[in-house]
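Heads up: the structure comes next, in structure tokens.
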């Protein structure tokens, strides 16, 4: 399941973020890649724990925790702190699958990468190329969103970033360990939750709503890992 979550940052915030990123000291993106992924990774990245990355990441997570669509789809349990990357002309990241487990720097806890997220920070007209290409059950999906928009997709997906041929592509990315590890089960719960919310708006007093809501929570109780 691919999910588009729009408008997490406004134009003024994004302009300030990009101005700060233009002045930042970048490191080789291979530093946070696994052995196989490093062979395909050609980009720049703010070092893990960088003050600017922490500031952007904290604001992003705070907004997502208040976003009903994200919470319903991801059912988050743990999050790997967001990282920030930069693709300049020629930068790309070939097809790869993210490592199954991530351990934040300085933390004893590991995060299972059930879900991957990318927040686009550059206006799509400001660079050519740089599409996020995700392979799913419906074939290849090319994603190039407006600045401030996020895409959420299964961590099991084969994906790549096409070469940037003009301009600079800034983005934030992170991984979520869900309460429900199986994508098909999360998708079913997301659809059911959406249906419950729509029915609540349309027929708020319908007696079947109580039963349907109970079924949702019983499925979540069966599948959740805490």
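Including glycine, each Cβ sits where the backbone N, Cα and C put it.
Annotated domain 'Fe2OG dioxygenase' per Swiss-Prot: 78-178, in sequence order. Under the heading Fe cation binding site, Swiss-Prot lists 96, 98, 159. Residues or ranges marked as 2-oxoglutarate binding site in Swiss-Prot: 169.
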Please determine which of the binding-site residues listed here (96, 159, 169) has the lowest count of neighbouring CB atoms within 10 Å. 96
Does residue 98 (Fe cation binding site) have same-chain partners at least 6 apart in sequence with Cβ under 8 Å from its own Cβ, and which are they? 37, 113, 116, 155, 175
Rounded to the nearest angstrom, how far is the Cα of residue 159 (Fe cation binding site) from the Cα of residue 169 (2-oxoglutarate binding site)? 17
Residue 159 (Fe cation binding site), DSSP three-state class -> strand
Counting by DSSP, what is the helix, strand and coil composition of the domain 'Fe2OG dioxygenase' (78-178)? 3 helix, 58 strand, 40 coil
Note the Cβ centroid of 96, 98, 159, the recorded Fe cation site, then list each other residue of that chain whose Cβ lies within 8 Å of it, in sequence. 37, 93, 95, 97, 116, 157, 158, 160
